[in-house]
Amino acid sequence: MQRLQDLKETFFGLEVVQQQLLISSAVAIGGILAYWVFRSKEAKTIPIGHGWWGKGKKPLSEDDQIHTFTITTSDEEIKDLHARLDLTRYTDPLEDSHFNFGFNSTYLKRVVSHWRNVYDWKKQVAALNQYPHFKTKIEGLDVHFIRVCPPSRENQKVVPLMLVHGWPGSFYEFYKIIPLLTQNHDGVAFEVICPSIPGYGYSEAPQKKGFDSVAAARIFLTLMERLGFSQFYLHGGDWGSAITTNMAQMKPDCVKGLHLTMFFPRRNFKMSLSLVIGRYLPFLVGFTREDVRRIYPYFQKNVWQMLEETGYMHIQATKPDTAGCAVNNSPVGLAAYILEKFSSCTDMKYRDLSDGGLERMFTLDDLLTNVMIYWTTSSMTSSMRFYKENFGNLINRLDFKTGVFVPTGLAAFPNELMHNPKVWAQTKYRNIYTYTFMPRGGHFAAFEEPQLLADDIVQFVKKVGKI
């Protein structure tokens, strides 16, 4: 009764235009009811399917063995890199442009100087090899992954967990969080598996058209099965979120829990209605005060800002090979293209800084090691193709129309590209166990805030497993 009185007072305290807007919106209640009827009848899984992405025709049999793998380099590789760095041509930046026009070339010269004169790729290769690397052939592709087991302890429950990266990241994003996950958490420790998406880094690139997140999900499910895991947990961000979501949709019985840092709802009338009402009556549509703070002004934060920052996405979703020719041939061009995303996607405010704020959250060595994984494997073009393959047929994709019913944990970082309240996330993820407003951090959560992310994953797994 008190809530009703509060609602009445709030309504009559609004301006006339706002009252009329709310009244007209209420007419759509029937649409919401129809949505709930539809929701109860929808499919709960997607087909696993099959594929072959290697060269030529699929053979009658395929090597299913798991082989150890070691990252290597050579003096010739480093000499070639240095020669290309020395021949770079720069364009002077506009005055006071900072990072608003893209990567500022004045700061880029500093990055290249560090790369050429200080950065030690051989040392970084040794650091990359500190964890065990493997490859195995799946659907015609050599799939790279690392597998890190926790130290053996008495009365310890070991939980398998796959971590999946996105673009323009790599498995290296998880190097700081791995030791945090493999340590003992009151009797629980994780065995961590980090694969490289096919076409990224040391995983072979698909040779045929059609390789999307669903295909990657099927390959990673095969990988977990090949490793002997019948049930496991998943974590993903960026494309890793799409892939692990697809894995949960394909084989929900295998996925004990799904943890995400980037997640998208299913767009529907209820979401549109909440946008209209939420700023004035947030409690009526399930918004918290923090949701309101992160969402509004909606056009500025979620429309205009996204248009400003997604030019790369439109290029990669249409003609990835054209842009790929340039960045695959120039290490400096590649670094500028990648690191500009590590600036703006970490914090949009960094666009107003002359150095893009890159060294506030990362070291140049760490950033350049991620770049080197793309450079030394010539995988930038094939990684960019993943956008075209996924955005080419959005309307008809069954996974976009299917909910996720496994236990789900969502970590909402404040500087993620777009904020999605729990009430929106529930339109897609139907069994949310935890939803955490993270206190700081952006798009590259494991790279930026490994301790915060590790703590949230542990909390989620313990709640799901009742540990």
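Keep in mind that glycine also has a Cβ here, set from the backbone N, Cα and C atoms.
Features as listed in TrEMBL:
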type: ACT_SITE; residues: ASP238; note: active site, nucleophile
type: ACT_SITE; residues: TYR387; note: active site, proton donor
type: ACT_SITE; residues: HIS443; note: active site, proton acceptor
type: DOMAIN; residues: 66-174; note: domain 'Epoxide hydrolase N-terminal'
type: TRANSMEM; residues: 21-38; note: transmembrane segment
Within 10 Å of the Cβ of the residue listed as 'active site, proton donor', how many other Cβ atoms are there?
20
Cα-Cα, whole number of Å: HIS443 (active site, proton acceptor) versus TYR387 (active site, proton donor)?
17
Under 8 Å Cβ to Cβ from the residue listed as 'active site, nucleophile', same chain, six or more residues apart: give me those in sequence order, or none if nothing qualifies.
HIS165, GLY166, TRP167, GLY169, MET262, HIS443
Please average pLDDT over the domain 'Epoxide hydrolase N-terminal' (66-174) for the predicted structure.
97
Just how many other Cβ atoms lie inside 10 Å of the Cβ on HIS443 (active site, proton acceptor)?
22
Just give the helix, strand and coil counts over the domain 'Epoxide hydrolase N-terminal' (66-174), going by DSSP.
37 helix, 26 strand, 46 coil
